[in-house]
Amino acid sequence: MGCDRNCGLIAGAVIGAVLAVFGGILMPVGDMLIEKKIKKETVLEEGTLAFKNWVKTGTEVYRQFWIFDVQNPEDVAVNSSKIKVKQRGPYTYRVRYLAKENITHDSKTHTVSFLQPNGAIFEPSLSVGPENDTFTVLNLAVAAAPHLYPNVFIQGVLNSLIKKSKSSMFQKRTLKELLWGYKDPFLSLVPYPITTTVGVFYPYNNTADGVYKVFSGKDDISKVAIIDTYKGKKNLSYWPSYCDMINGTDAASFPPFIEKTQVLQFFSSDICRSIYAVFGAEINLKGIPVYRFILPSLAFASPLRNPDNHCFCTEKIISKNCTSYGVLDIGKCKDGKPVYISLPHFLYASPEISQPIEGLSPNEEEHSTYLDVEPITGFTLRFAKRLQINILVKPARKIEALKGLKQNYFVPILWLNETGTIGDEKAEMFRSQVTGKINLLGLVEITLLSVGVVMFIVFMISYCARRSKRVN
């Protein structure tokens with residue numbers, strides 16, 4: 001009888017040890033199974049979860065605009081006063097709702113090429129007013145004229161056309177005109193063939209961005225979705241070859257198994273360059289653990305602090321010998337127009353950049369850019385891309401509309417927030433197909449290991465106690 005009890009205790013301890021060992025073995029095996037499944041589903045090829053969501057995003061993406069309405073246009077033009085602005089918005093459009101086109105797989109190079117069609121649908125219910133709301137904004141054509149034509153004789157000719165068209169430094173335009181284009185009266189008088197339609201995003205609707213070529217990840221999952229080449233209407237060949245403007249993905253996804261220490265690089269054709277984000281915090285998004293990566297202030301720093309920005313310092317006077325920060329000159333890929341990008345309200349910019357502007361209130365919560373990335377798959381489940389479009393305006397003594405200026409201005413035109421969040425239905429599917437299975441496997445591993453250890457300890461204690469009684 002004593003042997004039976006001792007044998008039972010020993011058997012229980014053995015079973016516990018086996019369970020603990022099995023749980024310990026299951027952990028790396030389970031991790032290998034998860035890794036294999038994730039690698040399979042994140043490859044950009046027909047039939048994978050990644051490919052389905054890559055061709056056409058299941059997330060509704062919106063682009064919100066806030067327009068800087070100038071309150072004192074005459075005072076600025078005549079007396080070179082501070083520009084008083086009042087932001088108005090948001091005006092919201094749905095974007096990125098069209099599926100990728102001309103998708104072509106290359107099995108030899110393991111790449112996929114495609115075009116990304118552009119389209120914008122106005123959303124009145126998400127906007128403060130209609131598309132025909134009117135604003136006082138900078139005259140884009142007049143402001144760009146002295147930059148595009150520095151010759152004083154040509155400026156004199158252009159000045160006569162500006163006066164004849166009754167154009168001035170500022171103008172009144174509707175939201176629709178400012179964003180998507182209007183026929184400019186000054187440019188319409190130019191006696192040789194030029195584009196007479198002007199708009200911050202003209203042309204946009206019924207156009208396409210690309211051709212992009214990205215790696216499929218079939219041969220190397222660490223390269224999935226990373227851009228190999230880009231050939232778009234925004235010609236990046238203007239930049240010196242050493243600038244290396246294209247790095248990373250398009251930010252919709254990244255290679256799987258993201259670490260907090262990583263720097264995520266992504267390319268945006270809107271700003272004609274790649275930029276990067278660093279880890280900021282762990283976030284729970286609709287029951288899905290994600291890593292929030294944020295665009296750091298260093299991304300817009302001067303070349304002295306961030307050598308990556310040396311290509312965006314194109315002159316020495318405005319930039320104060322490349323020491324000013326917070327704005328990047330992207331004119332070289334905007335046909336020479338004096339276009340500068342910044343974060344909204346000149347967040348992180350040099351004080352002298354915003355000094356001539358009244359009505360700005362920069363703050364990180366509203367004006368910073370971030371990506372919420374699910375770290376196992378590398379999928380971006382929520383994002384907010386925030387940028388401001390500015391035009392550099394300088395005095396031009398041969399152009400009467402600008403000769404009253406006594407200083408340079410970075411005039412803010414608008415800022416935008418392009419944002420998207422995984423929908424409830426998609427989040428539920430993601431939880432069931434990805435995080436749920438991973439959590440279940442992890443729970444089984446921990447349970448087996450824990451139960452095994454507890455059983456082993458309990459039975460061994462009981463066995464030792466029984467042995468002790470027998471000795472006594």
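Quick reminder: no glycine exception, Cβ is built from N, Cα and C everywhere.
Under the heading ubiquitin cross-link, TrEMBL lists K469.
Summarising the environment of C311 (disulfide bond), the number of other Cβ atoms within 10 Å of its Cβ, over all protein chains shown, is 18. Marked as disulfide bond by TrEMBL: C243-C311 (among others).
Residues or ranges marked as disulfide bond in TrEMBL: C272-C333 (among others). Around the Cβ of C272 (disulfide bond), the number of neighbouring Cβ atoms within 10 Å comes to 25.
Around the Cβ of C313 (disulfide bond), 20 further Cβ atoms fall within 10 Å across all displayed protein chains. Positions annotated as disulfide bond by TrEMBL: C313-C322 (among others).
The site 'Critical for TLR4-TLR6 dimerization and signaling' annotation in TrEMBL covers Y463.
Annotated transmembrane segment per TrEMBL: 7-29 (among others), in sequence order.
The transmembrane segment annotation in TrEMBL covers 440-465 (among others).
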Cβ neighbour count (within 10 Å, all chains shown) around C333 (disulfide bond): 21
Candidate nearest C272 (disulfide bond) in space, where candidates are the disulfide-bonded residues C311, C313, C322 and distance is Cα-Cα: C311
